Amino acid sequence: MNFERFIALRISKKEKDANKANTRPMVRLTIIGIAISLSVMLLSVSIMRGFKKEVRKHAYNLSGQITIYPYGTEPGNTTQFIKAGKDLLNAINNVDGVSRVSPAVRQVGVIKTDSAYNSTLLLGIDSTFDTRFYEKNLRSGNIDELFTPLEGTNPLLLPKVTAEKLKLKTGEKIRIYFIGENIKVRSFTIVGIYESGTKADQSTALCPITTLQKINNWQPDNFSQLMIWGETEADNREISDRIVTSLQSNQQLLGSQRLGINTAEEIYPVIFGWLNMLDGNVALLMALMVLVAGFTMITGLIILLLDNTILIGTLKALGSTNKSIRKVFQNLSAILIIKGLFWGNAAALVICFLQSYFNIVKLNPEAYLMDVVPISINIFQWIAINLGALFLILLMTWGPTRIISRINPSETMRFE
């Protein structure tokens with residue numbers, strides 16, 4: 001252990017003594033201030049990461065990460081179809097970066113009971129559709145029955161808000177009216193009820209894709225859209241470009257039809273633009289917290305310097321240089337900062353654990369698209385924030401240690 005670190009540790013231990021009651025509260029406040037600042041930084045990035053993850057998940061549930069649809073229509077059209085046989089689906093599935101292709105049919109229907117009615121968007125899906133989101137939010141029933149319907153039945157997964165409005169329960173049979181050139185009526189059996197917390201999902205019901213194909217008189221290879229998921233969420237645009245290149249080189253698979261392709265970011269620009277803006281807000285908050293922690297540390301350090309002027313004078317009289325003594329107090333600052341970082345991490349972890357498992361803090365789903373504050377921890381992000389905070393706060397304390405060069409050994413020794 002070098003000289004500077006040894007003296008810093010001695011000062012740190014001395015601050016715990018009962019005789020140092022004048023500076024001990026300030027040292028504790030310094031540690032608490034750093035801990036609170038770090039906790040706010042860690043919680044803000046974890047909440048923002050969880051929030052962005054949940055919002056993206058909701059958007060992808062409605063369109064996939066990438067959507068292919070009939071050219072000249074909207075990605076969510078309910079009237080036109082594309083023809084996609086097995087060869088076309090396989091060609092898209094084999095594109096580098098694509099993990100799954102799910103065909104879907106969208107159709108608007110009106111659910112009518114004896115006392116009320118409600119307009120609902122039906123999304124027809126098959127077994128390739130990722131139902132984990134709906135399984136997580138399932139409140140009753142069994143989602144697997146969508147893919148194993150009994151002969152002559154049309155299973156339906158209904159959003160909770162619709163079920164409550166129409167006073168429907170799992171197992172009940174309902175009639176849905178499909179309005180077009182001719183009004184068509186089909187009987188459905190509710191096999192499950194889910195609750196997602198967002199307006200978009202609250203009006204979306206799931207049913208087998210074959211049911212809607214029959215209602216529209218479409219062939220088994222006719223779909224409203226193809227919902228495509230990538231292996232990661234970071235390269236949707238790049239995967240989309242690869243799909244376009246692949247389809248252009250396999251034009252025979254398309255025939256005479258023209259297709260449009262969009263990423264979820266292009267379909268919902270307002271949502272994803274808003275998410276990108278939130279990154280700037282988090283960065284600003286973190287900068288403010290670093291400043292708060294830095295100024296808290298500076299205040300504590302100045303008090304420690306003033307309280308240890310006699311020690312500084314003695315060290316100078318014994319031949320220590322200003323640079324060496326500054327290193328002593330830099331080491332002391334590092335000790336206090338690390339203590340603050342430790343308690344800040346501990347507090348943030350406890351809060352994240354409680355929120356993740358007990359959902360203590362609730363949200364208004366109509367305003368925030370979810371009913372609880374989401375948490376998503378990235379360990380590498382936390383490590384980077386800790387290292388960055390340690391470096392920046394230490395950097396901010398370098399200036400105040402210049403006070404050491406102004407302390408005259410003869411004056412401090414005479415004062416003693």
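Going from the start of the chain as shown, residues are counted 1 onward.
Cβ atoms are placed via backbone N, Cα and C, with glycine included.
Per TrEMBL, the feature domain 'MacB-like periplasmic core' maps to 29-243.
Annotation source TrEMBL lists domain 'ABC3 transporter permease C-terminal' at 284-409. Taking DSSP states H, G and I as helix and E and B as strand, the domain 'ABC3 transporter permease C-terminal' (284-409) has 100 helix, 2 strand, 24 coil.
Annotation source TrEMBL lists transmembrane segment at 26-48 (among others). Same-chain residues lying 6+ beyond the ends of the transmembrane segment (26-48) with a Cβ under 8 Å from its Cβ atoms: 15, 278-279, 282, 285-286, 289-290, 292-293, 296-297, 299-301, 303-304, 336-337, 339-345, 347-348, 351-352, 373-378, 381-382, 385-386, 389, 393.
Look at TrEMBL and you will find 283-306 (among others) tagged as transmembrane segment.
For the transmembrane segment (332-358), same-chain residues at least 6 beyond its ends with a Cβ under 8 Å from one of its own Cβ atoms are 8-9, 11-12, 27, 30-39, 42-43, 46, 293, 297, 300-301, 304, 372-373, 375, 377, 382, 386, 389-390, 393-394, 397. According to TrEMBL, the feature transmembrane segment maps to 332-358 (among others).
Annotation source TrEMBL lists transmembrane segment at 378-398 (among others). When Cβ-Cβ distances below 8 Å are used as the criterion, the transmembrane segment (378-398) is approached by residues 34, 37-38, 41-42, 45-46, 49, 286, 290, 293-295, 297-298, 301, 329-330, 333-334, 337-338, 341, 345 of the same chain, each at least six residues removed from its ends.
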Stretch-averaged pLDDT - the domain 'ABC3 transporter permease C-terminal' (284-409): 88
